[in-house]
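Residues or ranges marked as active site, proton acceptor by TrEMBL: His254. Taken from TrEMBL, the feature glyoxylate binding site covers Tyr24, Tyr129, Arg164, His254, Arg257. According to TrEMBL, the FMN binding site annotation covers 77-79, Ser106, Gln127, Thr155, Lys230, Ser252, 285-289, 308-309. Residues or ranges marked as domain 'FMN hydroxy acid dehydrogenase' by TrEMBL: 1-359.
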Amino acid sequence: MEITNVTEYEKIAKEKLPKMVYDYYASGAEDQWTLQENRNAFARILFRPRILIDVNKIDMTTTVLGFKISMPIMVAPTAMQKMAHPEGEYATARAASAAGTIMTLSSWATSSVEEVASTGPGIRFFQLYVYKNRKVVEQLVRRAEKAGFKAIALTVDTPRLGRRESDIKNRFTLPSNLTLKNFEGLDLGKMDEANDSGLASYVAGQIDRTLSWKDVQWLQTITNMPILVKGVLTGEDARIAIQAGAAGIIVSNHGARQLDYVPATISALEEVVKATQGRVPVFLDGGVRRGTDVFKALALGASGIFIGRPVVFSLAAEGEAGVRKVLQMLREEFELTMALSGCRSLSEITRNHIVTEWDTPRHLPKL
């Protein structure tokens, strides 16, 4: 079967992966309402395309924190990628680099920051969970910086792990041949089996529930890397993040894996963008499966988007070639959407190019 869109990889991944692994990647929290809503909300945004504009040349390049990338589509942090494919994070790093875009490596990767750096050139960010042992955090941040990573994506929505019922049913744990490589040798790399989810037990034992805004400032004292605050869903928290020194914000609901019945990220995006008043860039992850989704996010004020599940599903299906294809398909779809909307560069994508369910006629531009 020829793969023609990103979502087709999920079916292949489901057939290829052990049930415990597929369910871990695919599932959301509790009733999984937000998991569905992350996709459904995109369908409630329609285009207002402009016509008879010369779209012979389309420029999708942009800069993120000063780094030039080929398109506003980047790779989100997803944990334990060697469960999907033996090459794991190595394959993802090479695919992102080949696409000229940014890869974000998870704290809970099955390849270390040094190993990912060894795959060759590329712009890479490091996603950070703050452990109770702050010496471990300092050491890890310094290792990432030394390995050439360019920013920290601080995950702030996980003081406790969301209730993921598939993981409880499956007694999820990391396969015995794998470790959380960044913590190997610190007695923190192994995940023990538990009566419910091994990951939930691991998080309860290791992750610091006291994490607060002052820790965003503390992080700035131990690294020169800019800090993106990942997991913001409200304007109030966006404003506090800027006061705390965040270099950017990622509107994220953790792939709908934490608190169920929070809004889709695309629904929360505009409130966050308005609150920042252009002081820092705002990015989005969650539910992006089409180039049209990328355009909608940019029209609502995002500076770029991150994809998570499409990466692990395509990795499971076809390894590095699958991840390359996902990035290429999204790029081509996004370019086509720009052309058919009458936009030649990212700066030409505006709020006037879409209409949302929350718009009223008075929000629409005057002719």
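Even glycines carry a Cβ here, placed using N, Cα and C.
Where TrEMBL records a feature, it is marked here on the structure.
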residue	record	CB count, 10 Å
Tyr24	glyoxylate binding site	25
Ala79	FMN binding site	21
Gln127	FMN binding site	23
Arg164	glyoxylate binding site	23
Lys230	FMN binding site	28
His254	active site, proton acceptor	23
Arg257	glyoxylate binding site	24
Asp285	FMN binding site	29
Gly287	FMN binding site	27
Arg289	FMN binding site	21
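On the 0 to 100 pLDDT scale, the domain 'FMN hydroxy acid dehydrogenase' (1-359) averages 94 in the predicted structure. The distance from the Cα of Lys230 (FMN binding site) to the Cα of Arg164 (glyoxylate binding site) comes to 20 Å. Annotation for Tyr129 (glyoxylate binding site): spatial neighbours Ser107, Trp108, Thr155, Thr158, Ile207, criterion Cβ-Cβ under 8 Å with sequence separation of six or more. Same-chain residues at least 6 positions away in sequence with a Cβ under 8 Å from that of Pro77 (FMN binding site) are, in sequence order, Thr104, Leu105, Ser106, Ser107, Gln127, Ala153, Thr155, Gly308. Tyr24 (glyoxylate binding site) and Ala79 (FMN binding site) have their C-alpha atoms 10 Å apart, to the nearest angstrom.
Here the CA atom of the residue listed as 'active site, proton acceptor' lies 12 Å from the CA atom of Ala79 (FMN binding site).
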